[in-house]
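K.L.:
Checked Swiss-Prot, it gives:
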type	residues	note
MOD_RES	2	N-acetylalanine
BINDING	10, 11, 12, 13, 14, 145, 146, 147, 148, 149, 150, 151, 152, 153	ATP binding site
BINDING	56, 61, 148, 149, 150, 151, 152	substrate binding site
BINDING	154, 189	Mg(2+) binding site
């Protein structure tokens, strides 16, 4: 598929998925989020991972708060994204406790993240990551992901491959309404190892 056609298909699908997400009630988002939280906590890949990066969820994303609390409860090491808004660069920086999140400044996207001057341990320079949880707008069952168009995660996953001997396991968290028959992709798009949603097969 030509690049122009792929970009056009992505734009159309993003608009459709945003509409689907807007139609989801708060109760339904919470119901699916709690179900996915249980799936994550029972997942072998999660249980066997020590260094984990996870996104702080926006309103239209699977809620990650309980998973973050469990990461600390299990004695694992938690990293969260710090986006650079003037580029597509993102680092995963260490979070010291789940309670700390509320104290972090908010971005223009209304999500908390450590400020630029806040010096923190960065995952790739201190041993890498075992597991990365990814958000996104849409996914298919082959692991193709449609993000919001900035390229943060695709760029970061390529850096992981360069910096780590063993590639981190990547797991997307999705509402079932975000699962599509096929996601349009180009050569820059990175697949995820597993898409977790309400009806996804048990691992």
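Cβ coordinates come from backbone N, Cα and C, glycine included.
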K.L.:
Have a look around residue 12 (ATP binding site) and count the other CB atoms within 10 A of its CB, chains all included.
P.N.:
11
K.L.:
Quick one: pull the CA-CA distance for residue 189 (Mg(2+) binding site) versus residue 56 (substrate binding site), whole Å only.
P.N.:
22
K.L.:
Among 10, 14, 148, 150, the binding-site residues in question, whose Cβ has the most other Cβ atoms within 10 Å in this structure?
P.N.:
10
K.L.:
So which binding-site residues are near residue 10 (ATP binding site), with CA atoms within 10 Å, out of 56, 61, 154?
P.N.:
none
K.L.:
Tell me the Cα distance separating residue 12 (ATP binding site) from residue 151 (substrate binding site), rounded to the nearest angstrom.
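P.N.:
Per the Cα atoms, residue 151 (substrate binding site) and residue 12 (ATP binding site) stand 17 Å apart.
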K.L.:
Return only the integer: C-alpha distance in Å from residue 146 (ATP binding site) to residue 154 (Mg(2+) binding site).
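P.N.:
Approximately 10 Å lies between the Cα of residue 146 (ATP binding site) and that of residue 154 (Mg(2+) binding site).
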K.L.:
Measuring Cα to Cα, how far is residue 56 (substrate binding site) from residue 148 (ATP binding site) in Å?
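P.N.:
Roughly 15 Å, rounded to the nearest whole number.
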K.L.:
Give me the non-local Cβ neighbours of residue 152 (ATP binding site): same chain, 6+ apart in sequence, Cβ-Cβ under 8 Å, ordered along the sequence.
P.N.:
81, 83, 88, 89, 90
